[in-house]
Amino acid sequence: MVKEDEARDKALELFLKIGLDERTAKNTVANNKVTANLTAVIHEASVTDGCDKSIGNLLYSVATKYPANALVHRPTLLEYIVSSKIKTTAQLDAAFSFFSDTGSESFKIHEFEEACGVGVEVSVEDIKQTVSGIFEERKSSILEQRYRTNVGELFGHVRKMLPWADQKIVKQIIDTKMYELLGERTAADNEKPAKKKEKPVKVEEKKVAVVAAPQPSEEELNPFKDFPQPEDNFKVHTEIFFSDDRVLRCCNSREMLNKHLTVTGGKVFTRFPPEPNGYLHIGHAKAMFVSFGLAKERSGCCYLRFDDTNPEAEKKEYIDHIKEIVDWMGWKPFKITYASDYFQELYDLAVELIKRGHAYVDHQTPDEIKEYREKKMNSPWRDRPIAESLKLFEDMRRGLIEEGKATLRMKQDMQSDNFNMYDLIAYRIKFTPHPHAGDKWCVYPSYDYAHCIVDCLENITHSLCTLEFETRRASYYWLLHALDLYQPYVWEYSRLNVTNTIMSKRKLNLLVTKKFVDGWDDPRLMTLAGLRRRGVTSTSINAFVRGIGITRSDGSTIRLDRLEYHIREELNKTAPRTMVVLYPLKVVITNLDAGSVMDLEAKKWPDAHIDAAAIYQVPFSKTVYIEQSDFRMKDSKDYYGLAPGKTVMLRYAFPIKCTNVILADDKETIVEIHAEYDPSKKTKPKGVLHWVAETSHGVDPLQVEVRLFDKLFLSENPAELGKDWLDDLNPHSKIVVPSAYAVPSLGEAKVGDRFQFERLGYFVVDEDSTSEKLVFNRTVTLRDSYGKGGK
């Protein structure tokens, strides 16, 4: 921690030297990526001792805006900035545009200078004359609109005529000219223009909100539009800075790229590479959408590759689950592969890495490795002879060295600013049979070693992963470069976090093993198995993922409401309506004969026509049941339920009026209600209740079990609670209603069938259902706070 603080202080001092104001410098230091970029730019420009503020501001823009596909040309641009040949933001923006189009290709210097206005001098007098001419042309309009004049348009006209003028000077002259023409601002200038009364803004907005569906964004229509084509993967888009001032600019040679394109036919190849050490959660749904989705959109191929490099953690149960979930999510792998399929190739390449002097056998313990990394110290065995490492690595493979006594480490850069370049472990000894490869191996590759090489062996064009792997990008490319292997295009995106839940595999495993939840498919979990059991569809999950996008944002937590919005959107169209009463209250219809049963028609869909497929039958008899919460002893204006002397409408049936209330001996508990129904339906009450009736006199309605699920955690971000995260579990996240009443038609429901229980929410038939009793899980309530707030 002390070293991190020292590094920040050192960076802050450097940034202040180039003229950044203190606030900007401190904000920059808080962002590791911008800090690394700006530090590299300052060293590359050779201004570590400081420079003029105007130059420093331009260098800051280079660090934050320079096109990543043309890093090879950045030194050229910096020379032009430091020498003041490029000295305005307009010139710099033109340079960014020029290099973005050029990429890593060579260019003609005169074309670059012409495109950036190098050597073009725009004097203050030139700007004054141009501004005066523009004001003269628009004088009457400016006098009429005064300080409400659109100054941006005036700027635009000046920029069009003098593209290389200093914009700060332009602004000063325009402001001065406005003051000369108009004088001091008046109170009228500061008043907001009155809104036109004839324009019914609120009414129109309400109409749009109710009627018009939200227009999908450009990213929702095609979230993959910004990914490069395979044939463009010769451009530099990553730089690795070494502690000895070397810079590795990662890219493929034309020859290597052409060889790759010959094998792939120019197609996009991606991979979804889960570790088979647990159940997939909703974050993996985003990963699938990105990798499978890009391949599908580009008519390419996506591997399902199991990253099974750790034999102690993998289980066949997890492998089978992942295959099943990938299929359920609607994705079809090009091939199903395993990292272990390539163990021989990986071993052979490790031998080659040693021969090239880029790897060594190390005998440090895990604690010693940790200590040396913290101190940025080389291992005592780092410079051992190549022949010695080759022999020891062979001994490791043959099982002649004890587990924990040796590892193979990559010889990277122990003094780097990136801790993922601290001689990462490539191989370790584990005398454990592998679930897929058997007992052939006792040395196993690490993720950091195997992942990038297998990407290359499978000719992956786009290696896509979440942002926490961004610091591993240097190691990824270092290794492929060291072995002269094809380098896929690496791109990281923000991981998906959802409120009121946790995503950590370790914490999920604890919840399951300690019985805080009922297994990996507990409907309260954000595992995909849990969501499926809850009744969530794969299509609504994919719609949710598409809606949030796949950008490199900060990965801020997405509200659960947003997922529920997409779930409701689909179930509203696909789940037929029916009626269930959770907590029944008996209502006796006193003016109906005991043996009388009427079969009434109810709609499965709110806008259904009279069609047999869209209608189901509900019996109406002398005894019906309503929700206990739909009756009160005292009525009020804002209450639409039943009360003594009050009339309500029974959905699809008749109005009923409460005539009497039967209380228990405690004179508080309501036993039953007596009511009269209006067969003529002349009464038009406001309140409409759902209900269920006896199918025949004295026979209870169909009994079902209903499980009401809610948020698993009370806090939006339980991960922030540290060790106390388990104390945040919601004690009411699962409520079981063992004896709810349902209409008879529900008795034919099968496991997986989804319904809307009117006024209650969306439900699905659970796999715990038996022939004697159906069990329903609540998928989501009818409430939609996200839809009201905007998509």
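Cβ coordinates come from backbone N, Cα and C, glycine included.
Note that TrEMBL annotation is computational and uncurated.
The domain 'Glutaminyl-tRNA synthetase class Ib non-specific RNA-binding' annotation in TrEMBL covers 10-167 (among others).
What TrEMBL lists as domain 'Glutaminyl-tRNA synthetase class Ib non-specific RNA-binding' is 170-244 (among others). Residues belonging to the domain 'Glutaminyl-tRNA synthetase class Ib non-specific RNA-binding' (170-244) score a mean pLDDT of 66 in the model.
According to TrEMBL, the feature domain 'Glutamyl/glutaminyl-tRNA synthetase class Ib catalytic' maps to 267-572.
Annotation source TrEMBL lists domain 'Glutamyl/glutaminyl-tRNA synthetase class Ib anti-codon binding' at 575-678.
Look at the domain 'tRNA synthetases class I (E and Q) anti-codon binding' (688-766): DSSP puts its residues at 16 helix, 34 strand, 29 coil. What TrEMBL lists as domain 'tRNA synthetases class I (E and Q) anti-codon binding' is 688-766.
Secondary structure of the domain 'Glutamyl/glutaminyl-tRNA synthetase class Ib anti-codon binding' (575-678) per DSSP (helix as H, G, I; strand as E, B; remaining residues coil): 6 helix, 52 strand, 46 coil.
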